[in-house]
Each structure stands twice: as C-alpha cells, then as structure tokens.
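See below for the structure under consideration.
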Amino acid sequence: MLVLFVATWSDLGLCKKRPKPGGWNTGGSRYPGQGSPGGNRYPPQGGGGWGQPHGGGWGQPHGGGWGQPHGGGWGQGGGTHNQWHKPSKPKTSMKHMAGAAAAGAVVGGLGGYMLGSAMSRPLIHFGNDYEDRYYRENMYRYPNQVYYRPVDQYSNQNNFVHDCVNITIKQHTVTTTTKGENFTETDVKMMERVVEQMCITQYEKESQAYYQRGSSMVLFSSPPVILLISFLIFLIVG
C-alpha cells in the first residue's frame, strides 16, 4: 500500500509540471498578431487585428476608414488639403441679367453685338416679275435674325441700320459659305433689302424699350416718388 501511494503521488506531480500541447492562440500559432516565440510565420503585429500593420481597422494600413490608405476621408490621400471641392458658381449681377433679357443675347466673339429674335421675312417687291419670283423661291436662304449693338451707341437710326445690315450679311454669308452654299449677286441684292427692313424693325423695337427704361428710371428717381416709397416702407416695417 505504501509503495502504491508513493507511485500515484509521483504521477500527479509529473502531470502538473508537464506543458500543455499547442492550440489556438498558443505558442507555435501560424496566425498573425499573437506575439508567440515559436513558429510564427508572420511578423509581430502592433496590437491591431488580422491584417492590420499599424492598428487600423480591417484592411486599413494606417488607421483610416475602410479603404482609406492614409487616414483621410473617402478618396482622400491623407489630409484635408487633398479634399475635392465643388467649384463655386459664377455670380451674375441683376443688372447684367436685366440687360440681356431686355436687349437680346450677346454673341461671343463679335465685339458686343447681340442677336435679335427671329422675324418673319418681309414681303418685298423688286420691280419685276423675275426678281419677285426668285425672292419667293429663295427667301428661306436669307437671314431671319439680325445682329446689332445697343441703340445708345449710335447717334441716329441710319448709323444703327447701316452697321446692322453689314454685320448680319457678313455673318450669314460666312456661315452659309462654310456649309458649301454660295450666293449670287441677285442673292446679295435681295438680302440687303430684306435685312435692311428687319434692322429698321429692330431699331424701332430697341428704341422703344430704351426710352421706356429711361422713363422708368426718371420716374422712380424723382423726389416725390422716393418720399412716397420711403413712407410706404415705414408703414410696412412699423
């Protein structure tokens, strides 16, 4: 009995001193981030999760958000200086908007000329049947809009019309020739008559609008009107 007791006691002591076999998260692990001394195929990690070289989230090399290489926002290379900024819209003054709406669209590259609204081509008689028939058959080839400058840049109607006719025929001829169509002397003669009538109509329209704008400015700038407007504002605010 004494011998059996001693043998059993020795076996229990040896069991307590015997090391445990390797397992999950123990020495000899092949997975990263354990810091074990034996058999690790990956370099020791700095406290991050799986695949985190420097303590970031999953797949984050330097501690940024998901898919962020250097800690910036989405698509940002590492700081606010690389952020994409939406370009600000250009400011348009009310004065320019009002002028464009009243006078027509300014044409780029023509030195301040504006393009008038489309008009119906006038019915013109040229004094003989051949030219009258030719005009009726070819009038669609002639301009139905004119180029012009503001009326306040001219001293009289004749100067406005002369400039309007020249620039309109020149632009229409260049544009049409580029498309492969040429004009005869008869075409040029008829275009001059047609465009002249349209330029006169445009001058009358622009002159009327110009004087109406001037009258409105004079009306609202008179002292009685200013006093009345100020009184109404005082009543509304008060």
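In case you wondered, yes, glycine gets a Cβ from its N, Cα and C as well.
What Swiss-Prot lists as signal peptide is 1-15, and the listing cites similarity to another entry.
For 16-215, the entry in Swiss-Prot reads region 'Interaction with GRB2, ERI3 and SYN1'. Within the model, the region 'Interaction with GRB2, ERI3 and SYN1' (16-215) shows a mean pLDDT value of 69, rounded to a whole number.
The repeat '2' annotation in Swiss-Prot covers 53-60.
Among the features that Swiss-Prot reports, compositional bias 'Basic residues' is placed at 83-93.
Residues or ranges marked as disulfide bond in Swiss-Prot (evidence: similarity to another entry): Cys164-Cys199. According to DSSP, Cys199 (disulfide bond) sits within a helical segment.
As annotated by Swiss-Prot, N-linked glycosylation site applies to Asn166 (among others), with the evidence given as sequence analysis. Neighbour count (other Cβ atoms within 10 Å of the Cβ, all protein chains): 14 for Asn166 (N-linked glycosylation site).
Positions annotated as N-linked glycosylation site by Swiss-Prot, on the basis of sequence analysis: Asn182 (among others). DSSP classifies Asn182 (N-linked glycosylation site) as coil under the three-state reduction.
Sequence annotations record features per position, and here Swiss-Prot assigns GPI-anchor amidated serine to Ser215 based on similarity to another entry.
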Checklist outcome for this item: Cα-Cα, Asn166 (N-linked glycosylation site) versus Asn182 (N-linked glycosylation site), nearest Å, comes out at 18
